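Features of the protein shown, as given by TrEMBL:
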type: TRANSMEM; residues: B:12-32; note: transmembrane segment
type: TRANSMEM; residues: B:59-79; note: transmembrane segment
type: TRANSMEM; residues: B:91-109; note: transmembrane segment
type: TRANSMEM; residues: B:116-136; note: transmembrane segment
type: TRANSMEM; residues: B:142-164; note: transmembrane segment
type: TRANSMEM; residues: B:190-211; note: transmembrane segment
type: TRANSMEM; residues: B:231-260; note: transmembrane segment
type: TRANSMEM; residues: B:272-294; note: transmembrane segment
type: TRANSMEM; residues: B:300-319; note: transmembrane segment
Amino acid sequence: MLFSRIFAVLIALALPTAAIAETVQIQTAQGLATVPARPHRVAVFDMAALDTLHLLGVKPAGVPDRVFLPELKPAAAGGEVVGTLFEPNLEALSALDPDLIILGGRSSPKAKFTSRIAPTIDMTIDGQDLVRDAEARLDAYGRLFGREQAADEARQKFRAAVAAARDAAKGKGRALILMTNGPKISAFGVGSRFGWIHSTLGIEPAVTAMAAAIHGEAVSFEFVRKADPDWLIVVDRAVAIGTGDSQAHATLDNELVRDTKAWKRGQVIYLPAADLYIAGGGIQAMTRVLAAVTRGFSAAQ
Amino acid sequence: MTTVERTAPRLAGAAALLVLAGLCAISIFVGVGDVSPREAFSDPEALYLIAASRLPRTLAAILTGAGLAIAGLVMQTLARNRFVEPATAGTGQSAALGILIVTLLLPSASIATKTLVASLTALAGTSLFLAIAHRLPPTQPFLVPLFGLVYGGVVGAAVTFVAWHTDLLQFIEIWTHGEFSGVLRGRYELLWVSAAVLAVTWVFADRLTLMSLGRDVSVGLGLDYARMMQIGLAIISVVTALTVVIVGLVPFVGLVVPNMVSRLIGDNMRMLIPWVAGSGAALVLACDIIGRLLHFPYEIPVGTVLGVVGAASFLWLLLRRPSHA
């Protein structure tokens, strides 16, 4: 009796201090960071983070004015607008008084300003190993917000989606990743931001000598014809940045591309561009991208 | 006129044509697909590539270069100032604004509609520029290009502002960075309108020469000044808008080429027009070939190459100025 009373007093004494002092060490784009655990008010300036946090059931207190993807609207719903995807509004952010600010990619250069308002973590995902990075972020958010179990479940489902895409693409031939931008195209190789499609999914590249340019290389349609891939994997940049209907098909539908094996056999996979380009690395967005890959390769004769 | 005086320009003309023809030949044989000069006319594969890709690209570069150089020449005549050109003094930016407006209001508009709207906004933008430029004191010739830069900057800022608010900032880049990598048979033919505009310029060559003497003198010599102003504006706007819509903004050609050529052969338009058109064509074609080769098999936009080449030649122009002026 006495023993348990002492114990209760001890816990009562320890609780408030524990709540203040409890921190967690997580992996960020800038290396390991120690941040306060289970923050209540979080401002998020990264679409991939918004996507993964939504999956874990974390509601952000502050969000950018536009989320670009209709799928992300519920993730941002209820959050206060505290800037744009590129530029946090420091006054609004300060008024929000968050416990933690999550930046990534497009907003990451602003870290030195936002860190004066609240602890800031840079969760940029650079794309060369997108699947590994996406999992690392999932794991970090799980531990940060005490949602380890949800994160574990999400990881298992995500790994299954990766495996499904890998199996679907296995032995189906060589692919060339193209991004269309209006009437122009760029090709992406193993070292690019879409390189994980080759390295993680095991899809053989049609052009092996591609330089490691992260943003791809501008190429002509002659280049595509010469590469003669079995598959074309297409990302429409115009759609990704929200300019309406996809014109990727119209851009590629010309006599030089029509000569490729990929076009002749109808083996052209259009990836959900915004999922990849804007929310690339978010677990739900990535799952949709992987599903598109699986569907595309499974449809092969 | 003695025979010597007659043959010298002809020889120069023949040499220049040879250079242009040589560039065309190089352009036909430079690309990712395999087209070797030996098999060019026997191998059906090579013939096909030439017809579908190389020839259209070569022609597009020639039409763009010739058109922009002439547009620059006409603009310099109208503004009576050597240091203005459509790409920096607001015409190109106005055309981009037109494209932006069409994209916002009629997202599915055809290339022809885009060109028409871009031409109209280019016309409006250029008219305003010239109207203001003509009010600047002629005693201070550098005010006009300075004003042109500011004006082009303001219109460009308007484009950026609208694009930023509508999240089209990266989309508008397609038209602000000139590039020929997307040119194929069936995707550039509208540029032939530039050739027609060139013919119109040739018809009005003598009247343009008169115009360069200034309003009072040219009116005194019987020129319908206002009419010529309208024709000149139309030439500049149509060529610039066409180029912006089909290949994107290409800088420096309209500035550097007319200046260099008129320095060499004088100010008679009848003589200038073919030389300016030919040199513009050669410059753009050469820069496109360089852009295809430097980073083979990938592409460097012609605008980037021209930026470097053009800036260097413009510096040369400025530094050489005192010895002539």
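Glycine is treated like the rest: Cβ placed from N, Cα and C.
No curator has checked TrEMBL annotations; they are predicted automatically.
The structure displayed is predicted, hence computed values, not measured ones.
Sequence-distant contacts of the transmembrane segment (B:272-294) (same chain, six or more residues past either end, CB-CB distance under 8 Å): 13, 16-17, 19-20, 23-24, 26-27, 30-31, 57-58, 61-70, 72-73, 180, 198, 201-202, 205, 250, 253-254, 256-258, 260-262, 264-266, 300-302, 304-306, 309.
Most Cβ pairs under 8 Å to the transmembrane segment (B:190-211), among the stretches B:12-32, B:59-79, B:91-109, belong to B:59-79. Below 8 angstroms of C-beta separation, residues 75, 78-79, 81, 84, 86, 89-99, 101-102, 109, 143-144, 147-148, 151, 155, 229, 233-234, 236-238, 240-242, 244-245 of the same chain, each at least six residues beyond the ends of the transmembrane segment (B:116-136), sit close to that stretch.
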